[in-house]
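Colleague: Swiss-Prot lists these features:
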- 145-148: motif 'DEAH box' (MOTIF)
- 571-667: domain 'Dicer dsRNA-binding fold' (DOMAIN)
- 845-1003: domain 'PAZ' (DOMAIN)
- 951-988: region 'Disordered' (REGION)
- 1227-1248: region 'Disordered' (REGION)
- 1245-1280: coiled coil (COILED)
- 1272-1309: region 'Disordered' (REGION)
- 1272-1286: compositional bias 'Basic and acidic residues' (COMPBIAS)
- E1682, D1791, E1794: Mg(2+) binding site (BINDING)
Amino acid sequence: MVRVRADLQCFNPRDYQVELLDKATKKNTIVQLGTGSGKTFIAVLLLKEYGVQLFAPLDQGGKRAFFVVEKVNLVEQQAIHIEVHTSFKVGQVHGQTSSGLWDSKEQCDQFMKRHHVVVITAQCLLDLIRHAYLKIEDMCVLIFDECHHALGSQHPYRSIMVDYKLLKKDKPVPRVLGLTASLIKAKVAPEKLMEQLKKLESAMDSVIETASDLVSLSKYGAKPYEVVIICKDFEIGCLGIPNFDTVIEIFDETVAFVNTTTEFHPDLDLDPRRPIKDSLKTTRAVFRQLGPWAAWRTAQVWEKELGKIIKSQVLPDKTLRFLNMAKTSMITIKRLLEPEMKKIKSIEALRPYVPQRVIRLFEILETFNPEFQKERMKLEKAEHLSAIIFVDQRYIAYSLLLMMRHIKSWEPKFKFVNPDYVVGASGRNLASSDSQGLHKRQTEVLRRFHRNEINCLIATSVLEEGVDVKQCNLVIKFDRPLDMRSYVQSKGRARRAGSRYVITVEEKDTAACDSDLKDFQQIEKILLSRHRTVNNPIEDDSDRFEEFDVDSQMEPYVVEKTGATLKMSTAIALINRYCSKLPSDIFTRLVPHNQIIPIEENGVTKYCAELLLPINSPIKHAIVLKNPMPNKKTAQMAVALEACRQLHLEGELDDNLLPKGRESIAKLLEHIDEEPDEYAPGIAAKVGSSKRKQLYDKKIARALNESFVEADKECFIYAFELERFREAELTLNPKRRKFEDPFNYEYCFGFLSAKEIPKIPPFPVFLRQGNMKVRLIVAPKKTTVTAAQLQEIQLFHNYLFTQVLQMCKTGNLEFDGTSNAPLNTLIVPLNKRKDDMSYTINMKYVSEVVANMENMPRIPKDEVRRQYKFNAEDYKDAIVMPWYRNLEQPVFYYVAEILPEWRPSSKFPDTHFETFNEYFIKKYKLEIYDQNQSLLDVDFTSTRLNLLQPRIQNQPRRSRTVSNSSTSNIPQASASDSKESNTSVPHSSQRQILVPELMDIHPISATLWNVIAALPSIFYRVNQLLLTDELRETILVKAFGKEKTKLDDNVEWNSLAYATEYEEKQTIIVKKIQQLRDLNQKSIEDQERETRENDKIDDGEELFNIGVWDPEEAVRIGVEISSRDDRMDGEDQDTVGLTQGLHDGNISDEDDELPFVMHDYTARLTSNRNGIGAWSGSESIVPSGWGDWDGPEPDNSPMPFQILGGPGGLNVQALMADVGRVFDPSTASSSLSQTVQESTVSPPKQLTKEEEQFKKLQNDLLKQAKERLEALEMSEDMEKPRRLEDTVNLEDYGDDQENQEDENTPTNFPKTIDEEIEELSIGARKKQEIDDNAAKTDVLERENCEVLPVAINEKSRSFSFEKESKAINGRLIRQRSEEYVSHIDSDIGLGVSPCLLLTALTTSNAADGMSLERFETIGDSFLKFATTDYLYHTLLDQHEGKLSFARSKEVSNCNLYRLGKKLGIPQLIVANKFDAHDSWLPPCYIPTCDFKAPNTDDAEEKDNEIERILDGQVIEEKPENKTGWDIGGDVSKSTTDGIETITFPKQARVGNDDISPLPYNLLTQQHISDKSIADAVEALIGVHLLTLGPNPTLKVMNWMGLKVIQKDQKSDVPSPLLRFIDTPTNPNASLNFLNNLWQQFQFTQLEEKIGYRFKERAYLVQAFTHASYINNRVTGCYQRLEFLGDAVLDYMITRYLFEDSRQYSPGVLTDLRSALVNNTIFASLAVKFEFQKHFIAMCPGLYHMIEKFVKLCSERNFDTNFNAEMYMVTTEEEIDEGQEEDIEVPKAMGDIFESVAGAIYLDSGRNLDTTWQVIFHMMRGTIELCCANPPRSPIRELMEFEQSKVRFSKMERILESGKVRVTVEVVNNMRFTGMGRNYRIAKATAAKRALKYLHQIEQQRRQSPSLTTV
């Protein structure tokens, strides 16, 4: 027989508030909840549930709701609350209203017509009813606040309810909800209580519901074994403590003195008495309660604390004297107790000095010692201790911990106890930093308790209240429970089966304790008997089902494949587990919803059950039990078993019958995550990351590889036609040389090819003569060459590369004239004819060069020289070589100018030599014979072979190119002395003068030489463009099935063009956020003028501006913090949100380290309450999350001053900063967007004179100083619970004269669960009928969707961009005649231009003129969008968790890398800078060694593993062998307390990440990271999208292997309306229900706001339905739509930014995108358009959070300040430490904004145009604002702010939660931490915190530089 544990047999309970709401809709209910906002939550949601009746017009069955309050001041408060959360019009009525309501019934009717809900005082309502202005039957809901007043016989509540009951017999009456605080007083006799509850129920005609957190604890918590231990009284006076009287006397006298002193004037002095009183009070209390030993220890701690306060401040003398007095008292007490106490070193020695309660406590703990359990208790398996000890006061908790730690160190038998303590903050100021510090510490301690690192927790009541703690097996209430709440809460902590709940009580309190406990237990029974969870019974009324075998009732479910078996008895637990694994936010606990249906069979009642799973589960329909069961419990189990069966068939449970939850997904994601930690140094590289690099072969274009020319066979001649499009920059031509355009030369270079070569676009190269456009032109006629000619050509070709270009100096290349060379074309000089552009090979020239090539330079014989006659013609356009110098490495010069006035006899510029003649004789022993020759002014031939970018200007030249001015006629051979000249001689005067007679003239002319220098760059580019052309053809054939891929003869590609330095100045490419900010300052006319000028760039050529992100040094904003460092040294600056007084919280036995977390006075005296002290180090870092000002600003005061304390007393700088902020009207945000509402707060009046300001300032200072000292309150002795329970004593409200009618009223309290089930279902049915009548049925179907005028009137932005996006300046030129070709989708022309493909394959590492980054951004966004669209439409019943997982897998870098590698993309990628000498293989050359490095061994294996993971196979976990290689050498890694810490090394100055670990062959291989391949795939998507449009791009993505919807695939979108509730009798049930929801939540109103009318209204309802709203079974929740909408918004916004006329560089684009596409922005917009009023949810936590957020947004006027911390750029919501639950922005609000976008997209038939119109209407202001005042990434900003002084020093991964904490160090001594889901987010958070602090310091400095002292 199976006995089932009670907690496994019931479904997880719903939130008690939801439970209450459910009852309140179905029957009249009185709800009793504490003062929190729990009550209002239920009231507002009840009103929403009745929305259908309330919104219907009164003449069509509509009704009204009344919220009745006691006092006038509550009317407005409740009305505002209802208005924030609903779209009801709320009227307010009380005695003072002058609404004319009383004048006539017509007036009253008009008022009722205008308002749906009326908040009214009781008396007014009664009067209106009595005067027949209102009828009770016209109301649908009647809510009474503080309904216990109905017990008073004369109270209006009572009178209204009397009328109500009279009507009830024959008219429909409204639903009544009574709200009251707790009715259970701490000290009320149970019998009395019962009687009073019945009276109230009768008066209100309602049932009191007792569901609350307390009752759910009692009901669902395990029942522990309760024990009371009676101990001897502790009489401290009788212990014979030496010096006892003296000690007591010191206490009394000091306290008396402090209390009676009149020294401190309340308005003028800093009063230190609070901390002094606390120190005395706590020490004395410890002395009285725990004895002298504990008091001795406490006195030591206080002595230290007071000492700190004394040291910490510059305090007035009087204050100091007082503090010193207190410190002396502590020292005296310590000294008096020390002699005896110091001796104690064992528990026995301690025994006489402590109460028996403490000794008993240790005896109980000892029973958990494993050895004790084995030996004395004879237990086989030891039970591990997991205990909580509750005490009332914080300092008792602290002293008890000290005692435990010492006893543990004295007594080995207590070694197994690992204690710690948690206390709550004092409850006064929860925002203060010390409570945040405490909160953080509390989180940490509880986490360690969860993981059993701590097994004994000493706690104050903070833990009694809802802080989630794991189940314990021992709870000790050290101080007896004094009220019901304390009893139930503490008992509820003992949740483990067989746990013990122990109360220790002294003899004197025994009687009181006994009677209290009896009462508590009685009351608990009463409450439980009244709290029926009808559909989820724990005990069954009918019979105890444990008597028989449950599992025999129904066959177990068995999975054939694995043999996994599920029995009936365990099914419920599995359903609970499954629900908890569904995706939901932190506020929502998803639980199943079940209903029990009694059925009569042959006079016997049996039970059926139906189960509804949460609405985001794929199973949306109700799971119904076919065969009834004998009792309710078995019915529940059976329906759960059926549900599990269906879940398994749906694939929601795996074959082992376990939920496929987040864990398994997370495991898989680990392999493919977007490498969150990839930038963290020292973490092993994953597949797809930027860290993992591999080697790939470089590819040569097919056309160039197959172009080998054979003798006597026809071949093509290709000419390189150079045409200058811009003169050389003046900076690059300082001597103002004149250059001719190569286009006008009569000769040029080309090459021979056996095969025809495809057309490629022209491209630029940057020569000495200027910027050239290179065209590859084929000669009209083919040619043949003979074998002899071919040999000569090969020699010429070899000569160019070896001698002229010096390519073979390193000996790594050899010439290969056969077809073996990878690139085998031959270079030839060509003659060209201008008229018909025909080209012929200039063989004469070839022969001439070949004849002279061996012996250059030729040294002439002496007699030849004597004959030498100078002929100027020979030297024009010549290259000369001095033959008298180093012949091994000849130097070549261009002859720039012939100087006729210079002769060899001219004066030599250097003082050492008279003339040139003398110089040559002395230096070279050479005599110059021709004395009449002119000298030559020459320039160096450039050795720069990378001409793809213009030469960098203004850099000091290398030593060999500049001559020393003293010998400016001779080129320097030695570099040593030329260096000084660089700086002293202006460029233009540096001339190099040579003597013609001593030169040899090279056969190659200067102009051709120039072109030869360009050949490596030209060939390199031609090869690239041919490769990308091959890719274009492949895509046309394979993706589009095209046959024609060649360009027609009359068509050519547009030129490759990219912004170079000069052009960037001419056009707007926004590279830096700062630049954008500056640009925005310029007037718009300026911009327009500039744009007009840009359009006129010469040659009519449009420039293609892909922002080349130029990492030039960012300007540092100097913040020199070091000047103040001495002030900060006092404390450890580990600024992580803890205040200075709280140390690290790891208490050890050394007293020095004890953190006495009573209160941190130090911080309080240094800093203000809600401002930021300039130097209060850690205090400043506390994240408030919302700009500067915490509290609401005082209404009337124009000066929200804060008092800022600093180490020198008051911080006047900051004060002045504040004054500035208030008085300077210019700081008010200029209203940039017209949509922002005007501020409702009027600006402060200008104050007259500065003196007045100062007067006021002084008064304020004093006043606030006083307030601050008052706020230094230490917590009370008894720590108050955070949530004070208000209780109502019903006796106070009853009258003596009982009204007669009460006697006759039957009690409303149902007798059995069955009766209650019946009552509830009748209530629900009635409401439904009235709803259906009230709902208008004429809006069932709509024909079309439409965009409303409000959205069209926006400067309508269509989302269809021209096919060739302006952002890429369309690249396909057709012949000029054909201006524009229409862009219908089928017309993809010839695909994407090779230029664009090349850009998409060029990484930023290549330092080329273009890079893929911009395209990658848009491609990434489109990829996410297309994948999301596909998944949404194919995985129709998967919830958002699975969709997100599938998307992550698809768009992960790891998957893109894998696909890219399969397509051969790596061989096409340009990943490194072009270096002609080292890494380029010239035509007809092969490497001398054929070495080829392999990839690392495991690369292949890792790739295969990822392949399997992405295909969804299960991966065996391999044990990782730690080799020490997977982590960088300098990184230290350690794991302690479940936190893995990686400390990053200090970065060395030089570090090159790109260096391959192994040598490889640079000529044939390149080293590329996996991420670069993924990026290139995204960029290719981007460039196709921009050129061809979305549909063709989807085809390309499909070819790549990505899963996307094809245009021609018709994706059937099923209707969003789910029809599970339709029945044959009511075929339109679901439509009617949808209709009701539509009315109830007023979606027509919402449509007007957003400017779009839905055709399929179910989409909109779904978009607003939260997972917690179980009632909506007709559309499901918004999670899937949110998943879709997120991607739609991301793509649309990214595309919009991309197309902006200010071409944003990739970095700016990414920053703007992150700033606009994030939860905070979306949530703010949702609130701006009042989405929360239509939000369909039942989730208390979320409800309160939304309320806070709405308030915050309205205070800000819905102004999106992107630089406020809340809007700072981060990719996802990051988490502040210890505040996971405190994320200020309710994610659900952002989610519904996204789901609305998804809904519009689907409803409009997946039309982005329509969607963008509506979204742009809503977002326009925000987008424009963001571009006008762009935010920047916090990490980037921090690096620029403190460039050299920022270091991210360590990363900690909290193993349990997987969260990451990162520490950043700024200026060496300030540390900030950030926390997040992964390294990237955590790093951003840390940077944010650091920035926040630095900005504050900077601001204070800037605003008050002159103020340094008060």
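Residue 1 is the first one shown; counting continues down the chain.
Glycine residues also receive a Cβ, built from the backbone N, Cα and C atoms like all the rest.
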Colleague: Once the DSSP letters are reduced so that anything not helix or strand counts as coil, what is E1682 (Mg(2+) binding site)?
Modeller: helix
Colleague: Reported in the order helix, strand, coil, what are the DSSP residue counts of the domain 'Dicer dsRNA-binding fold' (571-667)?
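Modeller: In the domain 'Dicer dsRNA-binding fold' (571-667), the DSSP-based counts are 35 helix, 23 strand, 39 coil.
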Colleague: Within the motif 'DEAH box' (145-148), how many residues are helix, strand or coil going by DSSP?
Modeller: 2 helix, 0 strand, 2 coil
Colleague: For a quick check of packing: other C-beta atoms within 10 Å of the C-beta of D1791 (Mg(2+) binding site), how many?
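Modeller: By my count, 26.
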Colleague: Other than E1682, D1791, E1794, which residues of the chain come within 8 Å of the Mg(2+) site, judged by Cβ distance to the Cβ centroid of those residues?
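Modeller: Residues close to the Mg(2+) site, other than E1682, D1791, E1794: Y1678, Q1679, L1681, F1683, G1685, D1686, F1722, G1790, I1792, F1793, S1795, G1798.
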Colleague: Can you tell me the mean pLDDT for the coiled coil (1245-1280)?
Modeller: 49
Colleague: Can you see whether DSSP assigns D1791 (Mg(2+) binding site) to helix, strand or coil?
Modeller: helix
Colleague: Under 8 Å Cβ-Cβ from E1794 (Mg(2+) binding site), six or more apart in the same chain: what's there?
Modeller: L1681, E1682, G1685, D1686, L1689, F1722
